[in-house]
Structures are given as structure tokens and as C-alpha cells.
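What TrEMBL says about this one:
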type: BINDING; residues: Gly168, Arg169, Ser170, Ile234; note: NADP(+) binding site
type: DOMAIN; residues: 5-123; note: domain 'Tetrahydrofolate dehydrogenase/cyclohydrolase catalytic'
type: DOMAIN; residues: 142-289; note: domain 'Tetrahydrofolate dehydrogenase/cyclohydrolase NAD(P)-binding'
Amino acid sequence: MAKRLDGRLLAARHEASLRSAIAQHLATAGCTTCPPGLAVVRVGDDPASGVYVRKKAQACGRVGIESRIIHHPATASQQQVLESIHQLNGSPSCNGILVQLPIPSTLNARQLLLAVDPAKDVDGLHPLNLGRLMRGEPGLRSCTPAGVMALLDHAGIALDGIRALVIGRSILVGRPMGIMLQQANATVTVAHSRTRDLVDHCRQAELLVVAAGKPGLVGADWVRPGAVVVDVGIHRVPPQQQGTQGTLRGDVCFAAVEPLASHITPVPGGVGPMTVAMLLCNTVQAWQRCTAPPA
Ligand code: GUN
């Protein structure tokens, strides 16, 4: 039976150390320093985004980060959203900016992400930060893959030389995940919707990171016994009966895969809380950089 990689527990530890890092930094920097600030720019009413944004704001409150949500209607123009990003770039009380995805298809998401000051890009999605990741230089890292790396590290999973398969090649998860694993000396394959013989690739993988966006894609017969299985998917299953709450599930058939994997992330409670924890870490890092006394 697989060991569960508990994202809630590890995220809570990160939150505890961030809370004390913030208090300590405020105490040493003196009363002229503001607490860290995170701004989330949301456009439209995607219901899943509403849940994620609320969770991020609640987590900020727990550690002492001041958060604000700038919510534009789906009919907002590119110029209006760009203007709020420019304002946040210039605001000293805002240390981190996140543009919640997806953005309505009427807008140019690429241009919005490019408008974020790279020093405040706590999502690690600005080309400069992605370039730094590519080169292995310090910089703000994408939260979900960074959260996966933290979970693997905490569980003591040795990545050196292992055969890793990432399913999904999004800029948010799959691509940065592949680079991070490669930098940890894994031998990485990034599979996607056009990959031939996906099941064969899966069966060979010692580490499987599934970010395909397809509920229940990976079943027991796809997984090599003893593999580490990380499920990035999160899907709401509609309630079967009126009045019952919908449940969440991932891209992996958890019940079928748990008996044969060596480690597995649950959904919910695996990667999701770690994404939020890494966002908090990035915000505090950006705040410490801009409030540090000159050397
Ligand atoms: N939408 C779903 N997850 C994320 C995330 O981690 N960052 C952003 N910006 N949008 C998301």
C-alpha cells in the first residue's frame, strides 16, 4: 500500500515557518515596513477560479500577508486589465501579483502575464522567470511544480537518475515540472495529447506526474508497481443526488493505484495545498527582497 504524500500537513508547516519569518522580518525592519501584500487579478466568473482565489486569500490571512482581489467582469477590456496590473506594479504595498487563469478568450493572457513586474511575479509565469528556471538561475518559480518538488523532497524520494514521466505540457505545470525534475537529475519525458503509446511510457516510469486535466485517466494497469504517483488533476464530480455535495477527484484512479504505488498524492489534500503554500513562499520572498536594507 502506498504512502500518502500529505500536502495539507506539509503546507501547514510551510505556513508556520512563513508566519514566524514575517514576524521576525517586521521586527528587525522596524515600523516603517508594511506587511507583505499579494494582489490577485481575476477576470470573469469561472467558478473554479472563484474557489481557488478564495483559498489563496484565506491562506494569506493565516500567515500575515495582506491580500486583495481585483475582480474584473468578463466584459473588461484588455486595456482595463492592463491598467490594474500597471497600478499594482507601481504600488509599494503590493509585493506579489497573480493573474488567475483561465482568462476569458476575448483577452490576450500572454500580454497580461508579460505586463506583471518580474520582481512581483509570484506565479513564476513571466518569460524572465521562466527563462531563469530554464537556466537554473535563482528566481520566482511556478507554484504547482515547486509544490510537487517540495512534497517529493520532504518524503525523501531520490530523484537522481530516475525515469520520470510528466503527462501534460502546459506552461503552468507540465513544462516547468519537466525542467525542475531534470534539474534534480531525473531522466524526464513530457507526454501530451499527441504522445503515442502513452500507456507504455507510463508503465516504465518510476515517477509519474499527471497533469492531463482528464479525470481518472491513469488506472492501475498504467502504473509500474512501486512507482511514485503525483496527481495534479482536480475535478469536481457533480452530486449524484439533489442536496448532496459534489466531490473532488484527480487524473488518477486513486483507489485502484494506491495499493501498488510506493507513494501517492491524494485529491484533495495533495498537490493543491502545496500550490497555495508555494504562492505564499514566493510572496514572502518577493517582499523580503524589496524590503531588505541595502547591502
Ligand atoms: N489557475 C489554476 N491554477 C492556477 C495557478 O496556479 N496560477 C494561476 N495564475 N492560475 C491558476
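Numbers run from 1 along the shown chain.
Positions of Cβ are set from backbone N, Cα and C atoms, glycine also.
Mapped onto this structure are the features recorded in TrEMBL.
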residue	record	Cβ neighbours (10 Å)
Gly168	NADP(+) binding site	23
Arg169	NADP(+) binding site	18
Ser170	NADP(+) binding site	17
Ile234	NADP(+) binding site	20
In the domain 'Tetrahydrofolate dehydrogenase/cyclohydrolase NAD(P)-binding' (142-289), how many residues does DSSP call helix, how many strand, and how many coil? 55 helix, 28 strand, 65 coil
Mean of pLDDT values spanning the domain 'Tetrahydrofolate dehydrogenase/cyclohydrolase catalytic' (5-123): 96
